[in-house]
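Record features, source TrEMBL:
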- His159: active site, proton donor/acceptor (ACT_SITE)
- Lys163: active site, proton donor (ACT_SITE)
- Gly101, Thr102, Thr103: NAD(+) binding site (BINDING)
- His160, Gly169, Thr170: (S)-2,3,4,5-tetrahydrodipicolinate binding site (BINDING)
- 2-129: domain 'Dihydrodipicolinate reductase N-terminal' (DOMAIN)
- 133-250: domain 'Dihydrodipicolinate reductase C-terminal' (DOMAIN)
Amino acid sequence: MMKVCISGLGRAGSQIAKYLLACDRVDLVSGICSPTSTKAGRDLGEIIGCRAAGVPVYPSDRIESCIFNTRPDLILDFSNAAAALKNAETFFSLNVRVVMGTTGFSKAEEAELYALADRFGAGLIYAPNITRGVSTMMLLTELASRILTGYDVEIIEMHHKRKVDIPSGTASKLADRLRESLPVGERHDVPVSSVRAGGIVGCHKVMLVGENDMIEISHQSFSRNAFAEGALFAAEFIQDKTGIFEMKDAMNLDGILMDYLNQSSDNPPRRFALV
């Protein structure tokens, strides 16, 4: 059974830990928190409101001890951009695969993360939003933007009031994908509006607006278990691989799309002649 360590025990990380403790497909062996956190040295089960689970929590300045003592095969990282980038080098150097669900990376930090993974020949899935629904939404959005040329495109993202990074990593990635899907001479920044209010888990909307009609593609997370399900899916994909991947690779979205197109070409539309 795959052994997993979770780095970052905030809202998302804690919910994922609770999900994994109840899951019989992986063995959650340890957690990592910031060096100043009161969670260090405690049992992860007790931290998340469950009974003691025998899962130790280490401060991030003792990552080597965490890896050597608990021997995880894989790290699920849901910390913060600065800590995640610093810790990733240690994870990669110790030959531990990483599912990076942390958000808030700048373009330069993303490039640095990829360079680190490449230098160590590591296994990495980078997914600012790790839900399978969002990955599907991204594919649908790209297809719609290529079909509806000339339509204006806007993104709205909504999260709870404690979320720091604005816009969200998912919204930024959506904007990048949409920009790249535009014809070369028409590429421009895609406007993103952000809402931080209440306890919204996560909502992303893409509007493609023409003069006379509009298409809206949206995704909403009802529970942070959506992140946990996606994290487990990604972990099971990367556990025996090296290289740099995204959720679309784990889900084989390109392959599914090609299969659909090939199937369509094998069944051409019927043509009827007027008599």
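Yeah, the Cβs are placed from backbone N, Cα and C, and that goes for glycine too.
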- Query: Out of these binding-site residues, Gly101, Gly169, which one has the fewest other C-beta atoms within 10 Å of its own C-beta?
  - Reply: Gly169
- When the recorded positions His159, His160, Lys163 are compared by other Cβ atoms within 10 Å, fewest goes to His160
- Task: Work out, from DSSP, the number of helix, strand and coil residues along the domain 'Dihydrodipicolinate reductase C-terminal' (133-250).
- Result: 49 helix, 32 strand, 37 coil
- Residue counts in helix (H, G, I), strand (E, B) and coil for the domain 'Dihydrodipicolinate reductase N-terminal' (2-129), per DSSP? 53 helix, 31 strand, 44 coil
- Query: Checking the recorded positions His159, His160, Gly169, which are within 10 Å of Thr103 (NAD(+) binding site) at the Cα level?
  - Reply: Gly169
- Message: Can you give me the average pLDDT across the domain 'Dihydrodipicolinate reductase N-terminal' (2-129), rounded to a whole number?
- Response: 94
- Query: Taking Cα-Cα distance, which of the recorded positions His159, His160, Gly169, Thr170 are within 10 Å of Thr102 (NAD(+) binding site)?
  - Reply: Gly169
- Tell me the Cβ contacts of Thr170 ((S)-2,3,4,5-tetrahydrodipicolinate binding site) under 8 Å, same chain only and six or more apart in sequence, or just say none. Thr103, Pro128, Asn129, Val134, Glu157, Gly202, His204
- Task: Have a look at the binding-site residues (Thr102, Thr103) and report the one with the fewest Cβ neighbours inside 10 Å.
- Result: Thr103
- Task: Using the recorded (S)-2,3,4,5-tetrahydrodipicolinate site (His160, Gly169, Thr170) as reference, state which further residues of the same chain have their Cβ within 8 Å of the centre of those residues' Cβ atoms, listed in sequence order.
- Result: Thr103, Pro128, Asn129, Glu157, His159, Lys163, Asp165, Ser168, Ala171, Gly202, His204
- Query: Taking just the CA atoms, what is the gap between Gly169 ((S)-2,3,4,5-tetrahydrodipicolinate binding site) and Gly101 (NAD(+) binding site) in Å?
  - Reply: 10
